[in-house]
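**Q** Mind looking over this structure? Questions follow.
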Amino acid sequence: MSDQEKKVIFSGVQPSGKMTLGNYLGALKSWTKLQHEFECYFSMVNMHAITVPQDPEVLKRQTIELLAQFIACGIDPDLNTIFIQSHVREHAELNWVLCTMTYMGELNRMTQYKDKSKKSEANLNAGLFTYPVLMAADILLYQTDVVPVGDDQKQHLELARDLAIRFNNKYPGTFVVPEGYYPKETARVMSLQEPEKKMSKSDSNENAFILLAEDSDTTVKKIKKAVTDSVGVVNYSDDQPGLKNLINIYSAVTEKSVEEIVAMYAGKGYGAFKGEMAEAVVESLRPIREKYAYLLENRDYLEGIYTRGAEKAEIRAGKTLRDVYEKIGFIPRKF
Ligand code: AMP
Ligand code: TRP
(Lines of atoms letter the chains of each structure in order from A; the text may use other names.)
(Lines give C-alpha, C1' and ligand atoms only; values in the text may rest on other atoms or scores of the structure.)
(Ligands and ions follow the chains in the order given, each with its own letter.)
Protein backbone atom coordinates (compact mmCIF):
# COMPACT_ATOMS: atom_id res chain seq x y z
CA MET A 1 0.00 0.00 0.00
CA SER A 2 1.33 3.48 -0.76
CA ASP A 3 1.48 6.06 2.02
CA GLN A 4 -1.43 7.96 0.46
CA GLU A 5 -3.79 5.01 0.91
CA LYS A 6 -2.77 4.17 4.44
CA LYS A 7 -4.70 5.49 7.39
CA VAL A 8 -2.82 7.87 9.65
CA ILE A 9 -1.77 7.30 13.24
CA PHE A 10 -0.50 9.95 15.63
CA SER A 11 0.68 9.41 19.17
CA GLY A 12 2.86 11.30 21.59
CA VAL A 13 4.88 10.52 24.69
CA GLN A 14 6.22 13.05 27.16
CA PRO A 15 9.98 13.09 27.67
CA SER A 16 9.34 13.62 31.34
CA GLY A 17 11.26 10.69 32.77
CA LYS A 18 12.22 7.15 32.07
CA MET A 19 9.87 4.89 30.23
CA THR A 20 8.12 2.24 32.31
CA LEU A 21 6.90 -1.22 31.51
CA GLY A 22 3.45 0.42 31.51
CA ASN A 23 4.43 2.73 28.65
CA TYR A 24 5.95 -0.18 26.79
CA LEU A 25 3.04 -2.62 27.13
CA GLY A 26 0.32 0.05 27.08
CA ALA A 27 1.71 2.04 24.18
CA LEU A 28 4.94 1.21 22.38
CA LYS A 29 4.48 -2.51 21.94
CA SER A 30 1.20 -2.03 20.13
CA TRP A 31 2.72 0.71 17.96
CA THR A 32 5.32 -1.72 16.59
CA LYS A 33 2.45 -3.81 15.27
CA LEU A 34 0.61 -0.84 13.80
CA GLN A 35 3.61 0.65 11.99
CA HIS A 36 3.24 -1.72 9.04
CA GLU A 37 -0.41 -0.96 8.33
CA PHE A 38 -0.57 2.76 9.03
CA GLU A 39 1.30 5.91 8.19
CA CYS A 40 2.55 6.75 11.66
CA TYR A 41 3.63 9.98 13.34
CA PHE A 42 5.22 9.57 16.75
CA SER A 43 6.24 12.62 18.72
CA MET A 44 8.35 13.37 21.77
CA VAL A 45 5.94 15.94 23.23
CA ASN A 46 8.32 18.29 25.05
CA MET A 47 5.76 21.14 24.91
CA HIS A 48 3.42 19.06 27.03
CA ALA A 49 6.27 18.22 29.39
CA ILE A 50 6.82 21.85 30.41
CA THR A 51 3.33 22.10 31.92
CA VAL A 52 5.13 20.89 35.05
CA PRO A 53 8.52 22.28 36.12
CA GLN A 54 11.49 20.87 34.18
CA ASP A 55 15.25 21.25 34.44
CA PRO A 56 16.34 22.35 30.91
CA GLU A 57 19.36 20.02 30.71
CA VAL A 58 17.37 17.09 32.00
CA LEU A 59 14.57 17.79 29.53
CA LYS A 60 17.05 17.75 26.63
CA ARG A 61 18.61 14.52 27.82
CA GLN A 62 15.28 12.84 28.36
CA THR A 63 14.05 13.85 24.90
CA ILE A 64 17.00 12.03 23.32
CA GLU A 65 16.57 9.08 25.66
CA LEU A 66 12.93 8.81 24.70
CA LEU A 67 13.83 8.75 21.03
CA ALA A 68 16.38 5.98 21.71
CA GLN A 69 13.71 4.07 23.63
CA PHE A 70 11.19 4.38 20.79
CA ILE A 71 13.69 2.83 18.40
CA ALA A 72 14.94 0.23 20.88
CA CYS A 73 11.32 -0.88 21.41
CA GLY A 74 11.00 -1.56 17.70
CA ILE A 75 9.63 1.66 16.21
CA ASP A 76 11.38 1.67 12.84
CA PRO A 77 12.62 5.16 11.91
CA ASP A 78 12.51 4.26 8.21
CA LEU A 79 8.83 3.34 8.39
CA ASN A 80 7.61 6.10 10.72
CA THR A 81 7.93 9.82 11.20
CA ILE A 82 9.49 10.39 14.63
CA PHE A 83 9.95 14.00 15.70
CA ILE A 84 10.26 16.48 18.55
CA GLN A 85 7.00 18.41 19.04
CA SER A 86 8.66 21.84 19.45
CA HIS A 87 10.41 21.43 16.06
CA VAL A 88 7.09 21.74 14.26
CA ARG A 89 5.71 25.20 15.00
CA GLU A 90 2.27 24.35 13.70
CA HIS A 91 1.50 22.59 17.01
CA ALA A 92 1.65 25.84 18.98
CA GLU A 93 -0.20 27.73 16.27
CA LEU A 94 -3.14 25.36 15.93
CA ASN A 95 -3.24 25.07 19.72
CA TRP A 96 -4.05 28.76 19.88
CA VAL A 97 -6.84 28.59 17.31
CA LEU A 98 -8.38 25.61 19.10
CA CYS A 99 -8.10 27.35 22.48
CA THR A 100 -10.47 29.99 21.17
CA MET A 101 -13.00 27.25 20.40
CA THR A 102 -12.75 25.31 23.66
CA TYR A 103 -15.07 25.99 26.59
CA MET A 104 -13.62 26.53 30.06
CA GLY A 105 -16.19 24.05 31.37
CA GLU A 106 -14.83 21.32 29.09
CA LEU A 107 -11.32 21.76 30.44
CA ASN A 108 -12.54 22.02 34.03
CA ARG A 109 -13.98 18.53 33.74
CA MET A 110 -10.68 16.87 32.77
CA THR A 111 -9.76 14.37 35.46
CA GLN A 112 -6.04 14.51 34.69
CA TYR A 113 -6.07 18.27 35.24
CA LYS A 114 -7.93 17.85 38.50
CA ASP A 115 -5.38 15.28 39.69
CA LYS A 116 -2.32 17.23 38.58
CA SER A 117 -3.60 20.52 39.93
CA LYS A 118 -4.14 18.95 43.34
CA LYS A 119 -0.48 17.92 43.37
CA SER A 120 0.94 21.34 42.47
CA GLU A 121 -1.48 23.81 43.95
CA ALA A 122 1.29 26.35 44.54
CA ASN A 123 2.32 26.49 40.89
CA LEU A 124 -0.86 26.15 38.86
CA ASN A 125 -0.18 27.38 35.35
CA ALA A 126 -2.55 27.96 32.47
CA GLY A 127 -0.61 25.48 30.30
CA LEU A 128 -1.62 22.66 32.58
CA PHE A 129 -5.24 23.68 32.11
CA THR A 130 -5.09 23.96 28.31
CA TYR A 131 -2.88 20.86 27.93
CA PRO A 132 -5.68 18.81 26.31
CA VAL A 133 -6.13 21.49 23.62
CA LEU A 134 -2.46 21.19 22.61
CA MET A 135 -2.99 17.46 22.47
CA ALA A 136 -5.98 17.98 20.17
CA ALA A 137 -3.81 20.20 17.95
CA ASP A 138 -1.15 17.45 17.78
CA ILE A 139 -3.73 14.98 16.59
CA LEU A 140 -5.79 17.13 14.23
CA LEU A 141 -2.79 18.65 12.40
CA TYR A 142 -1.98 15.29 10.82
CA GLN A 143 -5.55 14.46 9.75
CA THR A 144 -5.18 11.51 12.08
CA ASP A 145 -7.53 8.53 11.76
CA VAL A 146 -6.38 6.55 14.79
CA VAL A 147 -4.75 7.51 18.11
CA PRO A 148 -3.24 4.63 20.07
CA VAL A 149 -3.07 5.60 23.75
CA GLY A 150 -3.52 4.17 27.21
CA ASP A 151 -7.09 4.40 28.45
CA ASP A 152 -6.09 7.21 30.84
CA GLN A 153 -6.12 9.44 27.75
CA LYS A 154 -9.71 8.69 26.70
CA GLN A 155 -11.10 11.94 27.99
CA HIS A 156 -8.45 13.96 26.16
CA LEU A 157 -9.16 12.11 22.96
CA GLU A 158 -12.87 12.83 23.32
CA LEU A 159 -12.04 16.53 23.44
CA ALA A 160 -9.98 16.23 20.24
CA ARG A 161 -12.98 14.60 18.56
CA ASP A 162 -15.39 17.23 19.88
CA LEU A 163 -13.14 20.04 18.66
CA ALA A 164 -12.77 18.46 15.22
CA ILE A 165 -16.55 18.12 14.94
CA ARG A 166 -17.15 21.66 16.25
CA PHE A 167 -14.66 23.13 13.78
CA ASN A 168 -16.03 21.06 10.89
CA ASN A 169 -19.58 22.23 11.69
CA LYS A 170 -18.45 25.79 11.16
CA TYR A 171 -15.92 25.10 8.40
CA PRO A 172 -16.87 21.80 6.73
CA GLY A 173 -14.28 19.25 5.69
CA THR A 174 -11.37 20.64 7.72
CA PHE A 175 -10.40 17.83 10.07
CA VAL A 176 -10.58 14.07 10.11
CA VAL A 177 -12.39 13.06 13.33
CA PRO A 178 -9.93 10.72 15.10
CA GLU A 179 -10.71 7.41 16.78
CA GLY A 180 -8.99 6.14 19.92
CA TYR A 181 -7.31 2.76 19.92
CA TYR A 182 -6.87 1.13 23.33
CA PRO A 183 -4.99 -2.15 23.53
CA LYS A 184 -7.07 -4.49 25.72
CA GLU A 185 -5.61 -6.49 28.61
CA THR A 186 -2.63 -4.25 29.15
CA ALA A 187 -4.43 -0.97 28.51
CA ARG A 188 -3.50 -0.25 32.08
CA VAL A 189 -0.47 -1.72 33.80
CA MET A 190 -0.89 -1.15 37.50
CA SER A 191 1.56 -0.19 40.24
CA LEU A 192 3.43 -3.14 41.76
CA GLN A 193 2.90 -1.64 45.20
CA GLU A 194 -0.64 -0.27 45.01
CA PRO A 195 -2.36 -2.27 42.27
CA GLU A 196 -5.40 0.02 42.30
CA LYS A 197 -3.17 2.80 40.88
CA LYS A 198 -1.61 2.90 37.42
CA MET A 199 2.11 2.18 37.11
CA SER A 200 3.74 5.57 36.81
CA LYS A 201 7.36 6.69 36.68
CA SER A 202 6.49 9.66 38.88
CA ASP A 203 5.52 7.35 41.76
CA SER A 204 7.51 8.25 44.90
CA ASN A 205 8.03 4.54 45.61
CA GLU A 206 10.56 3.16 43.11
CA ASN A 207 9.37 -0.38 43.74
CA ALA A 208 6.03 0.54 42.19
CA PHE A 209 7.35 0.66 38.61
CA ILE A 210 9.68 -1.21 36.27
CA LEU A 211 11.84 0.95 34.02
CA LEU A 212 12.98 -0.09 30.58
CA ALA A 213 16.37 1.41 31.34
CA GLU A 214 17.05 -0.27 34.71
CA ASP A 215 19.16 -3.43 35.08
CA SER A 216 17.69 -6.92 35.20
CA ASP A 217 18.51 -7.52 38.87
CA THR A 218 16.56 -4.43 39.86
CA THR A 219 13.57 -5.63 37.84
CA VAL A 220 13.65 -9.06 39.49
CA LYS A 221 13.87 -7.51 42.96
CA LYS A 222 10.91 -5.24 42.29
CA ILE A 223 8.77 -8.11 41.08
CA LYS A 224 9.68 -10.21 44.14
CA LYS A 225 8.58 -7.29 46.33
CA ALA A 226 5.34 -6.75 44.41
CA VAL A 227 2.27 -6.67 46.62
CA THR A 228 0.00 -9.74 46.40
CA ASP A 229 -2.45 -11.06 49.00
CA SER A 230 -2.91 -13.79 51.56
CA VAL A 231 -5.10 -16.09 49.42
CA GLY A 232 -2.05 -18.06 48.30
CA VAL A 233 -3.62 -19.40 45.08
CA VAL A 234 -2.75 -18.09 41.60
CA ASN A 235 -6.18 -16.90 40.46
CA TYR A 236 -7.17 -14.21 38.00
CA SER A 237 -9.65 -12.30 40.10
CA ASP A 238 -10.64 -8.75 41.00
CA ASP A 239 -10.30 -9.79 44.63
CA GLN A 240 -6.55 -10.32 44.03
CA PRO A 241 -5.65 -7.13 42.17
CA GLY A 242 -1.88 -7.42 42.71
CA LEU A 243 -1.77 -10.90 41.26
CA LYS A 244 -4.15 -9.97 38.47
CA ASN A 245 -1.75 -7.23 37.39
CA LEU A 246 1.24 -9.61 37.47
CA ILE A 247 -0.69 -12.17 35.40
CA ASN A 248 -1.60 -9.48 32.87
CA ILE A 249 2.04 -8.46 32.58
CA TYR A 250 3.17 -12.09 32.32
CA SER A 251 0.59 -12.69 29.61
CA ALA A 252 1.64 -9.60 27.68
CA VAL A 253 5.35 -10.40 27.65
CA THR A 254 4.94 -14.10 26.79
CA GLU A 255 1.81 -13.83 24.60
CA LYS A 256 0.42 -16.73 26.69
CA SER A 257 -3.25 -16.44 27.61
CA VAL A 258 -4.36 -15.68 31.18
CA GLU A 259 -5.98 -19.15 31.36
CA GLU A 260 -2.74 -20.86 30.35
CA ILE A 261 -0.82 -19.00 33.00
CA VAL A 262 -3.33 -19.75 35.74
CA ALA A 263 -3.22 -23.44 34.73
CA MET A 264 0.60 -23.46 34.82
CA TYR A 265 0.57 -22.46 38.48
CA ALA A 266 -2.25 -24.65 39.75
CA GLY A 267 -1.10 -26.01 43.11
CA LYS A 268 2.02 -23.81 43.17
CA GLY A 269 2.70 -20.82 45.40
CA TYR A 270 3.37 -17.18 44.64
CA GLY A 271 7.16 -17.71 44.96
CA ALA A 272 7.35 -20.01 41.94
CA PHE A 273 4.98 -17.79 39.99
CA LYS A 274 6.91 -14.60 40.69
CA GLY A 275 10.31 -16.19 39.96
CA GLU A 276 9.31 -17.37 36.50
CA MET A 277 7.26 -14.30 35.77
CA ALA A 278 10.24 -12.07 36.61
CA GLU A 279 12.46 -14.17 34.34
CA ALA A 280 9.98 -13.76 31.47
CA VAL A 281 9.85 -9.98 31.96
CA VAL A 282 13.64 -9.71 32.07
CA GLU A 283 14.09 -11.85 28.95
CA SER A 284 11.56 -9.83 26.98
CA LEU A 285 13.27 -6.58 27.97
CA ARG A 286 16.85 -7.76 27.41
CA PRO A 287 17.13 -6.99 23.65
CA ILE A 288 15.45 -3.62 24.18
CA ARG A 289 17.88 -2.70 26.94
CA GLU A 290 20.88 -3.67 24.82
CA LYS A 291 19.72 -1.70 21.81
CA TYR A 292 18.93 1.34 23.96
CA ALA A 293 22.43 1.44 25.42
CA TYR A 294 23.91 1.09 21.92
CA LEU A 295 21.77 3.91 20.46
CA LEU A 296 22.68 6.37 23.19
CA GLU A 297 26.30 6.05 22.07
CA ASN A 298 25.27 7.05 18.53
CA ARG A 299 24.05 10.63 18.86
CA ASP A 300 24.55 11.55 15.19
CA TYR A 301 22.26 8.77 14.13
CA LEU A 302 19.55 9.95 16.55
CA GLU A 303 19.97 13.56 15.40
CA GLY A 304 19.46 12.48 11.79
CA ILE A 305 16.21 10.77 12.72
CA TYR A 306 14.60 13.68 14.52
CA THR A 307 15.76 16.13 11.86
CA ARG A 308 14.24 14.13 9.03
CA GLY A 309 11.17 13.50 11.18
CA ALA A 310 10.49 17.20 11.71
CA GLU A 311 10.92 17.95 8.01
CA LYS A 312 8.36 15.32 7.10
CA ALA A 313 5.93 16.21 9.87
CA GLU A 314 6.07 19.90 8.96
CA ILE A 315 4.84 19.25 5.44
CA ARG A 316 1.66 17.55 6.57
CA ALA A 317 1.06 19.86 9.54
CA GLY A 318 1.66 22.96 7.39
CA LYS A 319 -0.96 21.92 4.89
CA THR A 320 -3.63 21.58 7.60
CA LEU A 321 -2.70 24.83 9.32
CA ARG A 322 -2.80 26.82 6.06
CA ASP A 323 -6.28 25.48 5.43
CA VAL A 324 -7.38 26.40 8.98
CA TYR A 325 -5.92 29.92 8.72
CA GLU A 326 -7.58 30.46 5.36
CA LYS A 327 -10.94 29.31 6.69
CA ILE A 328 -10.92 31.44 9.83
CA GLY A 329 -9.91 34.56 7.90
CA PHE A 330 -6.15 34.94 8.47
CA ILE A 331 -4.57 36.59 5.42
CA PRO A 332 -1.70 34.46 4.11
CA ARG A 333 1.79 35.95 4.00
CA LYS A 334 2.81 36.84 0.46
CA PHE A 335 6.51 35.96 0.70
P1 AMP B 1 3.08 9.14 29.72
O2 AMP B 1 4.27 8.43 30.21
O3 AMP B 1 2.10 9.42 30.81
O4 AMP B 1 3.40 10.31 28.83
O5 AMP B 1 2.31 8.09 28.77
C6 AMP B 1 2.77 7.68 27.51
C7 AMP B 1 1.87 6.61 26.94
O8 AMP B 1 1.93 5.42 27.73
C9 AMP B 1 0.38 6.98 26.91
O10 AMP B 1 -0.23 6.39 25.80
C11 AMP B 1 -0.13 6.39 28.20
O12 AMP B 1 -1.50 6.19 28.18
C13 AMP B 1 0.65 5.09 28.26
N14 AMP B 1 0.82 4.65 29.66
C15 AMP B 1 1.48 5.29 30.65
N16 AMP B 1 1.45 4.57 31.80
C17 AMP B 1 0.75 3.45 31.53
C18 AMP B 1 0.35 2.31 32.29
N19 AMP B 1 0.68 2.15 33.58
N20 AMP B 1 -0.37 1.36 31.68
C21 AMP B 1 -0.69 1.48 30.38
N22 AMP B 1 -0.36 2.50 29.59
C23 AMP B 1 0.35 3.49 30.16
N1 TRP C 1 -1.09 13.42 26.88
C2 TRP C 1 -0.44 12.23 26.43
C3 TRP C 1 0.06 11.44 27.65
O4 TRP C 1 0.38 12.02 28.65
C5 TRP C 1 0.74 12.53 25.53
C6 TRP C 1 0.28 13.14 24.25
C7 TRP C 1 0.46 14.45 23.88
C8 TRP C 1 -0.41 12.50 23.21
N9 TRP C 1 -0.06 14.64 22.64
C10 TRP C 1 -0.62 13.50 22.19
C11 TRP C 1 -0.89 11.22 23.02
C12 TRP C 1 -1.31 13.20 21.04
C13 TRP C 1 -1.59 10.94 21.84
C14 TRP C 1 -1.79 11.91 20.87
O15 TRP C 1 0.16 10.24 27.54
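Every residue gets a Cβ built from N, Cα and C, even glycine.
Note that the structure is predicted; figures quoted are calculated from it, not measured.
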**Q** Which one of VAL133, VAL189 goes with GLN14, PRO15, SER16, GLY22, ASN23, GLY150, ASP151, ASP152, LYS198, MET199, SER200, LYS201, SER202 at the ATP site, as TrEMBL has it?
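**A** TrEMBL lists GLN14, PRO15, SER16, GLY22, ASN23, GLY150, ASP151, ASP152, LYS198, MET199, SER200, LYS201, SER202 binding ATP, and from VAL133, VAL189 it also lists VAL189.
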**Q** List nothing but the one residue from SER16, ASN23 whose Cβ has the fewest other Cβ atoms within 10 Å; the candidates are the binding-site residues.
**A** SER16
**Q** Report, in whole Å, the straight Cα-to-Cα distance of ASP138 (L-tryptophan binding site) from MET199 (ATP binding site).
**A** 25
**Q** Could you tell me which of the binding-site residues SER16, ASN23, ASP138, ASP151, VAL189, LYS201 have their C-beta within a distance under 6 angstroms of some atom of ligand 2?
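**A** From SER16, ASN23, ASP138, ASP151, VAL189, LYS201, counting a Cβ under 6 Å from ligand 2 as near, the near ones are ASP138.
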**Q** Under 6 Å from ligand 1 by Cβ, which binding-site residues from GLN14, ASN23, ASP138, ASP151, VAL189, MET199?
**A** GLN14, ASN23, VAL189, MET199
**Q** Taking only the residues the record lists as binding ATP, namely GLN14, PRO15, SER16, GLY22, ASN23, GLY150, ASP151, ASP152, VAL189, LYS198, MET199, SER200, LYS201, SER202, what is the largest Cα to Cα distance between any two of them, in Å to the nearest whole number?
**A** 19
